[in-house]
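J.: Structure in C-alpha cells, see below.
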Ligand SMILES: CC(=O)N[C@H]1[C@@H](OP(=O)(O)OP(=O)(O)OC[C@H]2O[C@@H](n3ccc(=O)[nH]c3=O)[C@H](O)[C@@H]2O)O[C@H](CO)[C@@H](O)[C@@H]1O
Ligand SMILES: C=C(OP(=O)(O)O)C(=O)O
C-alpha cells in the first residue's frame with residue numbers, strides 16, 4: 001500500500017515501459033543557473049528581466065523567498081521581471097530556506113546589499129552530508145563577522161567585503177556565495193573555485209550588472225564589485241542535467257533523439273561515455289543527435305567536479321547501466337554516498353551491489369514496479385529505468401520530479417513514451 005505524504009501530494013507517474021524514445025526536444029534553461037541568478041537579483045535596485053526562465057517548483061520557492069526579502073516580480077509567459085528597490089527583511093527563515101539548498105546563497109547577497117543577513121541552515125536533496133562550512137569560511141575570509149546559533153547563521157560587515165578565499169574543495173554554492181558577497185562594492189580572489197557552467201553563467205550575469213569578473217571557467221576567480229550595480233536583460237544557459245536525462249532515457253530505451261538549444265560542450269563527459277557504450281552521437285553548435293545501438297557496452301563512471309562526469313547525472317546513468325548487459329561500476333567523488341536510488345532500482349530487478357562506496361552493476365532487462373523518488377535525480381533515474389522496463393511502473397514522489405523537470409509528462413509523451421500522471425485514490429493514499 002502506498003503511504004500518504006500530505007506535503008508532497010499523492011500523485012504518481014505511471015509509465016508503461018519498453019517504447020524506444022524518438023523525436024526532437026528543445027532543452028529548457030538550467031535550474032541550477034537560474035537559482036543563483038535569482039539570488040543575485042537582490043544585489044541591485046534596478047529592474048532585471050530574465051528570458052526563458054524554467055517554470056519549476058524550485059524557481060517558485062526562490063521567488064517566494066525573494067518576495068519575502070523585498071523583491072517584486074512578474075511573469076510574462078516564460079519571461080520573468082524582477083525588481084528589488086529595497087531590502088525589506090534581512091532574515092531568510094527555515095520555512096523558505098529549508099525547502100531548497102540553493103536558497104542559502106541569498107545570504108551573501110543580503111550581506112553585500114545591506115551589510116547583514118540572517119539565514120537558516122538550508123534543506124535540499126538528502127543524499128549524504130551537505131555541510132555549509134565552506135560558505136562560512138568564505139564570508140569570514142572576506143572580513144564578515146559570522147555567528148552560528150541553533151541552525152541559524154548571522155553575518156554582518158562593517159566595511160565592503162574583500163580578501164582571498166581559499167576553498168578546501170571546489171564547491172558550487174560556496175563559490176557563488178563568495179561571488180555574491182563581493183559583487184557590490186567588494187573584491188575577492190577565489191582559489192579552488194568551482195568551474196561548473198552554472199558558476200560561469202552567474203559570472204556573466206554579474207558582469208551584466210556591472211561587476212568585473214575574471215577567470216570564469218578556471219579554478220581561480222577574481223571579482224571586483226561595482227559601487228552600484230545596474231539592471232538588464234539576461235538569457236540563462238540550457239540545462240545540461242535535463243539534456244543528459246533525456247539522452248540517457250533514449251539510450252536506455254534504445255531510441256534516437258535530437259536535442260535542440262543545448263550546449264554540447266557542457267555535455268562532453270556524458271557524450272563520451274555514450275559513445276564508449278557504442279552509441280552514435282553527432283553534435284552541432286547548439287544541437288545533439290543521438291542514435292542508440294541495440295547491444296550497448298557497459299562502462300565505468302566516476303562522478304567528479306566539472307568538467308568531469310556530473311554527480312547530478314550519476315543516479316540517471318546508473319539507471320541506464322542497469323539495462324546494459326555486462327558489468328559496470330560507478331563511484332561518486334562529489335557525494336560518495338549518493339545512492340538513495342539503489343534500493344528503488346533493485347525493486348525493478350536491477351542487480352546492484354554497493355561495495356566500499358563503489359556501485360557494481362550487472363545490467364539486464366528491468367521489470368516495472370512501484371517505486372519512490374527520494375530526490376530529484378534519483379527520481380530522474382527511476383523514470384529512465386521505468387521507460388526501459390518491461391511492464392508498468394508507478395513512481396511516487398512526483399514532488400521531487402517537479403523540482404527539476406519541467407513538463408516531464410508532456411515531453412516524454414512527445415517522444416513516444418506511454419506515461420501519465422495520476423492521482424492516487426484517497427483510500428489508497430491513506431496509510
Ligand atoms: C542548486 C545547485 O546548483 N545544486 C548543485 C550544487 O549543489 P551545492 O552547491 O550544494 O554543491 P557543492 O558544489 O557545494 O558540493 C560539492 C562538495 O563540497 C562539499 N561541501 C560543500 C559546501 C561546504 O560548505 N562544505 C562542503 O564540504 C559537499 O558536501 C560536496 O561534497 O552542486 C552540486 C555538485 O555539483 C550538485 O549536485 C547540485 O545539484
Ligand atoms: C541536488 C539538486 O538540487 P539541490 O542542490 O537544491 O538539492 C539537483 O538539482 O539535482
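Residue positions begin at 1 at the first shown residue.
Quick reminder: no glycine exception, Cβ is built from N, Cα and C everywhere.
Owing to the predicted nature of the structure, the values given are computational and were not obtained by experimental measurement.
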J.: Out of 101, 157, 159, which one does TrEMBL list together with 130, 131, 132, 133, 134, 312, 334 for UDP-N-acetyl-alpha-D-glucosamine?
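T.: The candidate from 101, 157, 159 that TrEMBL ties to UDP-N-acetyl-alpha-D-glucosamine along with 130, 131, 132, 133, 134, 312, 334 is 101.
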J.: What's the CA-CA gap between residue 132 (UDP-N-acetyl-alpha-D-glucosamine binding site) and residue 125 (active site, proton donor) in angstrom, rounded?
T.: 14
J.: Just to be sure I understand the contacts, which binding-site residues have a Cβ under 6 angstroms from any atom of ligand 2? Candidates are 130, 132, 133, 134, 334.
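T.: The binding-site residues passing the 6 Å Cβ test: none.
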J.: Ligand 1 is in the model; which of the recorded positions 31, 125, 133, 134, 312, 334 have a C-beta less than 6 angstroms from one of its atoms?
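T.: The qualifying recorded positions are 133, 134, 312, 334.
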